[in-house]
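Undergrad: Let me give you the structure first, and then I'll get to my questions.
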Amino acid sequence: MTTYAVLASDRASEVSDRFYLEANSHLKIGITSPGPGGLTEINLRVTNSNNSLILHWGALCPGKNAWLLPSRRPDGTNVHKNRALRTPFVQSGSDSVLKVEIDDPEIYGIEFLVHDEAQNKWFVLSNFGSMFILVQFLLEICKLLHLNFMNRFKNNGENFRVLFSRQNNDVSVVSSSESLGAETSHVDVPEELVQIQAYLRWERNGNQMYTPEQEKATARRELQEELKRGASLNQLRAKLTKKPEKDEAFTKESKVTSSEIPKELVQVQAYIRWEKAGKPNYSPEKQAQEFEEARKELQEEVNKGITVEELKKKILKGNIKTKVSRQLEKKNYFSVERVQRKKRDIVQYLTKYSSELVEEKPYTSPERATSVLNFFSEAIEANQNTSILNKKNFKLGNEELMVIVTDTSGKIKVHLATNYKGPLILHWGVAQKAGEWTAPSTSVLPPGSKLLDQACDTPFTEVSLDGFVYKVNLVKFLLHQSENFLCPLLICCTYLLQSVEIEIGGNYKGMLFVLCSDGAWIKNNDSDFFVEFSNDASKRIKDVGDGKGTAKVLLDRIAELESEAERSLMHRFNIAADLVEEAKNQGELGLAGILVWMRFMVTRQLVWNKNYNVKPREISKAQDKMTDLLQNLYKSQPQYRELIRIIMSTVGRGGEGDVGQRIRDEILVIQRNNDCKGAMMEEWHQKLHNNTSPDDVVICQALIDYIKNDFDINVYWETLKKNGITKERLLSYDRAIHSEPNFRRDQKEGLLHDLGNYLRTLKAVHSGADLESAIATCTGYQDEGQGFMVGVQINPVQGLPSGFPGLLKFVLDHVEDKSVEPLLEGLLEARAELRQLLFSSHQRLKDLIFLDIALDSTVRTAVERAYDELNSADPQKIMYFITLVLENLALSSDDNEDLLYSLKGWSQALEMCKKNEENWALYAKSFLDRTRLALASKAEAYHHLLQPTAEYLGSLLGVEQWALNIFTEEVIRGGSAASLSMLLNRLDPVLRKVANLGSWQVISPVEVAGYIEVVDELLTVQNKSYEKPTILVAKSVKGEEEIPDGTVAVLTPDMPDVLSHVSVRARNSKICFATCFDPAILAQLETNKGKLFRLKPTSADITYSEIDESELPGSTSADKHGDDPSPSITLVKKKFTGKYAISAKEFTNETVGAKSRNISFLKEKVPSWIGIPTSVALPFGVFEEVLSDPINKQVARKIKDLKEKLAKGEFEYLGEIRKTVLELAPPPQLVEELKNKMKESGMPWPGDEGQQRWEQAWLAIKKVWGSKWNERAYFSTRKVKLDHEYLCMAVLVQEIISADYAFVIHTTNPLTGDSSEIYAELVKGLGETLVGAYPGRALSFVCKKSDLNSPKVLGYPSKPIGLFIKRSIIFRSDSNGEDLEGYAGAGLYDR
């Protein structure tokens, strides 16, 4: 080795040399390495050159074949294909110059070529290859690096290489041949491998203009170095050709026969294979096959040269031996352990709150200060020549700071005002982006300013707002000493504010500032304040609506703070924490606002980081602050726990200090330990240091998946894409990730180990719902630091139930099992054990909440993993899964009473199924329907609460419309409700088949033909008239609707009762009406919209087919009516009989309707033990008589005028008529007669309970009379051409029986028309749930009249609502148009 120069140690080392390029052009290279902590400078100068030279370059790191792309780059540098950097030289006279600075201690050199773009020419050294400068940097503090420089040229095609190696405090340069040494020089590398390696180097360097042949010398040396490190030729060949290695030659002594492999190892290997397969249930034959496969795998390892002892060390890791021995003891191979669940009364799970919506309150903190600052704002905004570019409010403790940016005739001004008390200095600077301080121009400094190096200090000055007037109401005016004196008083005040006004010169993006008061610095949540000179939020605001049904003021406040929140996650969480108290005051709507905002954030609809560098520990601290507040809210506001859980799941756990700091420290350790300091890992490292986010969890998982799958880059991208991260998102980070991972195979084990640990660190901060992290936090763990990396110690949560840690360990051991049933049992048992602690004031409650959220989330993912398995499962297994998921949903829900009733029913159905009891499927079907109703109710409640907030806030924040449309749906999909719904859908057809229910329930079996029309709700088309016979496929039918004219059939997935109004109407009008339980059938019908179909129903099924129009005449009910018109229906107008009230004995055809007469008839016929409600009535004609009474003269005139407008077709006046009827006053004779008749009949008189009760009764009577003009009844009479004027309304007054059950019996089966059997429906409580279109089905059965002791159950009840009432009275409509033959008037009027 030849030394050319040694430099003194008391100054920076400096070397230079010069290289010939062409003609009179040379490349001069100078290298300067300053003292400790400084930069290494590489100065390049090309003499006599043009201005089109480009340096094509990259840095070199130990163990890396590919170039590293340093983050510190000269101006104008571009990234070329993510493989190289391209930097333009700068023209200096006739030369081109460039300075490259290196600050990474791991970089030992740069490799480069020079490209003349004008001539498209590459410069190399005498065709020797790329130029190399290998620069050894300072590695230890207080030591200087001394450089000697030498170049050596060879004519054999080798690359030019300059090597620096430290020896005795100097560095020598040797030739590349000398650097290899004698150990590998004799190794002959096959030429085909050299050619492959040369081509790979050429491709990595960007397919340069020179040929791959010029890389052969370097390629040969690299392969020789691999051989030196112990690789075999077969391994090199496999690596380069991607083909399996060929077996090396083995000596006879090294071979081991299969009989010599210990049985213990075969058992362990078989267990490992079983675990990887997801712990499936194997048959004995499959078990034997697995043992043989395990033996073969071990034999192959031994044949490759590994010893048995080495094999033991390799596979006997962790507690694998214990797991296997446990199975051996039980002689239970390939079987999964199960948790023994405790028997619990599910009533213990009941949570029921009456949560009330709280009226929104304006956001004022403090009230007077905000008002004054708003007055300041209004004064600025009043200037017509001024446009507001940005406006922000910041909290200064209990005071506020308002910042307004204006544009007046092209001049940008910043106005700052605060009610802060005490001297205040504004320390400020202008910036092109947040974080970059620049001193302002001296020409724009406000009076009293002091210009500093990169900033300016400007004092606030006091300003007064004279004449600020506001109004107060004094309850007690002291000057008058009057107890109830209410005096509106105008008070004129003078308020003092401090303000600064700055005119900004130059082209800047915004202003950075902090405040100083009496030497104390005031910052914005531990960071600088920043105000942009434009408001991006104003550009993205769409039509936001009025915010009805939301905590509007809070949402406006959130939108106002969003530009500050998007600076970093630290800012967002700190701002959210400040708003939690305000949200609590707004109640459920306020918390819904925080939930929606945080979910927008976690689903990447909002910016996570914008021009701001933040340490991971600062993000972690902000998360910790917010989750502490949510924990306290969880304790104090139990009725909102479900909402708070969802909010917490979007935030992450966070933590003080060490947990967040490890994110920075641990990535450095990973890079150092695994020799991966360049390219993608360096770019990710920079992102982690400056703005870590939940995306880093996904990136880390993608790296692990990539390595595990044999470094398949497609797997890396698949993991990212599956979790919502695209290439564009990686490039959008402030510290962008340009490169793909590219690791060596020898790094695999180390990286998998270290990245696996790092994933836990990332999840501890960012993923509150991660199961492993949540369990570790609750059970405690300790992680020692390495070198500069801090250690972490988390103590176990105290007071955990006995055996609980073992239960959590069981969950972790089985979380990846293919058969998820035991895992689900363990998860549910853990949640049940945890429940009591969640209702306590535990010191570490939030850790327990995060654990419960993680267990809940794991149930959902486990069930989703089991979908394929359940495709072929028997009903009993699906039902068992339903009970587990339903239990999980109940544990996560507030107001879970209906879910628990459903769970109880499913448990009973499961027992019936196990015993194969008759009607088990019918019983299960009823609870399937009830569970669906519970889910629908829950979804509707979510939609009502969250969707208006999502749409209003989303519009303010510029969230994309598609994300708003599905917001509530996605929230529901993220919980167990979606999994439960999927299981119900799978079981439904199975139950229907077992119970012989078919796909239809035919309520009105009429054969028809018509054109298919699809509507969302029957209600929306009930007043429409179809010109052609129409089959309506209606997605929603409640039961109270009218059927439109021209409709021949209504098909729906809804389940209205047989006695609902729409059911009765369909039967009376000979319209086909049926419920379809098969979504596929309905979907098929919907796809045939507009086509002509024939429906042929039976009592339990419908067949349908497309027909030609020639088949239409005579085939529809509409045509039949046309050929044989139904008999005309007429009304006979009733007259006032002279009595305002009559008893049941006086009920006749001339005084009351059929409803009252039937009551009277029954009372005489049924046995005394059957209770018939006591009744009186206000007979026909009373309404008209009351209207004609002189006391109601004005009301009568008004109603007359309104009826004239109605006759002209102005139907909007129907509601006005009903309102006017309510203005009627009762004649004294009516009151007296009604009182006497009710008392004579033994009924309570409302007036005996006070005047208010009588007024309530009178109002009810008037509502019955007014219902003559409700829209449904009015249009119904018009359809059948009834004279509405002839419709008379009696009022039936009945005592309500406090019933346990109510029922209706049809003496002819309405579904089949069979008169030999009865059809009955029964509900719990009052009959209103049966006839009033309440959701769910009644208990229904049929029975032959000849054998009344043998009823056949058609359906078990699924109605979730029962109505019960104390002794009372009801006022019911009883018109002369409710029971006409051929006209279903029942249910049209109020009761």
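In case you wondered, yes, glycine gets a Cβ from its N, Cα and C as well.
Keep in mind that TrEMBL annotations are predicted by a computer and have not been checked by a curator.
Reproduced below are the annotations present in TrEMBL:
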type	residues	note
DOMAIN	17-124	domain 'Alpha-glucan water dikinase-like N-terminal Ig-like'
DOMAIN	191-243	domain 'DUF7067'
DOMAIN	263-317	domain 'DUF7067'
DOMAIN	391-533	domain 'Alpha-glucan water dikinase-like N-terminal Ig-like'
DOMAIN	999-1111	domain 'Alpha-glucan water dikinase phosphohistidine-like'
REGION	1106-1129	region 'Disordered'
DOMAIN	1255-1332	domain 'Pyruvate phosphate dikinase AMP/ATP-binding'
Undergrad: So, by DSSP, how many helix, strand and coil residues make up the domain 'Pyruvate phosphate dikinase AMP/ATP-binding' (1255-1332)?
TA: 31 helix, 23 strand, 24 coil
Undergrad: Across the domain 'DUF7067' (263-317), what does the mean pLDDT come to, as a whole number?
TA: 75
Undergrad: For the domain 'DUF7067' (263-317), jot down how many residues DSSP puts in helix, in strand and in coil.
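TA: Helix, strand, coil within the domain 'DUF7067' (263-317): 42 helix, 0 strand, 13 coil.
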Undergrad: Most CB pairs under 8 Å with the domain 'Alpha-glucan water dikinase phosphohistidine-like' (999-1111): which of 17-124, 263-317, 1255-1332?
TA: 1255-1332
Undergrad: For a three-state summary based on DSSP, what are the helix, strand and coil counts in the domain 'Alpha-glucan water dikinase-like N-terminal Ig-like' (17-124)?
TA: 0 helix, 61 strand, 47 coil
Undergrad: By DSSP, what is the split of the domain 'Alpha-glucan water dikinase phosphohistidine-like' (999-1111) into helix, strand and coil residues?
TA: 24 helix, 51 strand, 38 coil
